[in-house]
Amino acid sequence: MSDAPAARIRDSTTYTPIAAAIVLAALWGSHPSDAALVALVPLLGGAVFSAVHHAEVVAHRIGEPFGSLLLAVAVTVIEVGLIVMLMTSDKDTSMLARDTVFAAVMICLNGIVGLVLLVGALKHHLAIFNPEGTGAALATVITLAAITLILPRFSTSEPGPEFTPGQLVFAAVASLVLYGMFVFTQTVRHREFFLPVDRDGDGVEDPHEITDRDALWSLVLLLIALVAVVGLAKIESSGIERAVTAAGLPQAVVGVIIAVLVLAPESIAAVKAAARDQVQTGLNLAYGSAMASIGLTIPAIAVASIWLDGPLTLGLTQVQIVLLVMTVFVSILTVVPGRSKPLQGGVHLVLFATFVYLSISP
């Protein structure tokens, strides 16, 4: 890349998050018209691409797997805030947390993973990754999803697909414990299992040409961009809900759209990593985001339920359970070999397309 285009990219990724944050502050608490909401879409897209750029800068400086972990946690923390804000509205949002978390899981485990494997395999013949680290991440995601999203459907202490307060507390604590153990494993105990893998199967360290000053500035802009992305998504949510209602679509579609908007930075970063033959980095982002979506959202919702009125539906529907079980089996078969052909990526993407279609037409 020549100096001029690179400078333009640096300028746009510097000013766009700041501009988006200023617009967000100006519009917060207001009710923009539909025309204004449409006009915000390019700014939202620019904030997403800026977040991806600065996440890559920070990740390049601190190395894997810390870069993937940072982006996953940062996005999820703000996602949790968005869900809680939406649940405080006067509308029936009893299923919003479930729909958004499940959508995030399906986007990560099928959408992002499918794209990562497909792009990696098409560009480099085979997508190579570490099955030990990826398998540990997948096992943690499966356990979290089963405890928080499947068990409420079958527990009998509370009528309907809901946890009792005690069960919700247990699920929240279990989620935090599992997530904490995984982060310790990923960053301290067995960090080598989560590094990008070369063609000989060895983990490779990332170079660190980025200066501390550049990394710190990118970290600040990354946080600003993420706040802007989620805040603008919150503003857009009213228009999204009206459009979904006008189209006669199920309310679960709102959760899917919110999850897509929030996970856009991670999705793009993961695919770009796969294109650079760093499939492990892309999978770290995918599974780490799914894990954080459950492991941080459920405890936050458990705390928020103290002052939130109304029921909290966490149990998945029968169709959602079938989709999750299919995803689990396919993911296990994908992860075990440690390498993937384009076919596996296509299988995951078809599962994701099935999820999207059945969300629209259940």
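Every residue, even glycine, has its Cβ placed from backbone N, Cα and C.
Because TrEMBL annotations are produced automatically, they should be read as predictions rather than curated entries.
TrEMBL has this to say about the protein:
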TRANSMEM  12-29  transmembrane segment
TRANSMEM  35-54  transmembrane segment
DOMAIN    37-187  domain 'Sodium/calcium exchanger membrane region'
TRANSMEM  66-88  transmembrane segment
TRANSMEM  100-122  transmembrane segment
TRANSMEM  134-154  transmembrane segment
TRANSMEM  166-184  transmembrane segment
TRANSMEM  215-233  transmembrane segment
DOMAIN    217-360  domain 'Sodium/calcium exchanger membrane region'
TRANSMEM  245-264  transmembrane segment
TRANSMEM  285-308  transmembrane segment
TRANSMEM  314-336  transmembrane segment
TRANSMEM  343-360  transmembrane segment
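Scored by C-beta pairs under 8 angstroms, the transmembrane segment (215-233) has its highest count with 66-88, from the stretches 66-88, 100-122, 134-154. In this chain, the transmembrane segment (134-154) lies apart from the transmembrane segment (66-88): fewer than three C-beta pairs between them fall below 8 angstroms, excluding pairs fewer than 6 positions apart. Each residue of the domain 'Sodium/calcium exchanger membrane region' (217-360) gets a DSSP state, and the totals for helix, strand and coil are 117 helix, 2 strand, 25 coil. Remote same-chain residues near the transmembrane segment (245-264) are listed as 44, 48, 75, 78-79, 82, 86, 95-96, 98-100, 102-104, 107-108, 112, 229-230, 233, 236-237, 289, 356, 359-360, 362 (criterion: CB distance under 8 Å, separation of at least six residues from the stretch ends). A Cβ distance under 8 Å defines the sequence-distant neighbours of the transmembrane segment (343-360), meaning residues of its chain 6+ beyond its ends; these are 103, 106-107, 109-111, 113-121, 127, 249-250, 252-253, 256, 319, 323, 326-327, 330-331, 333-334.
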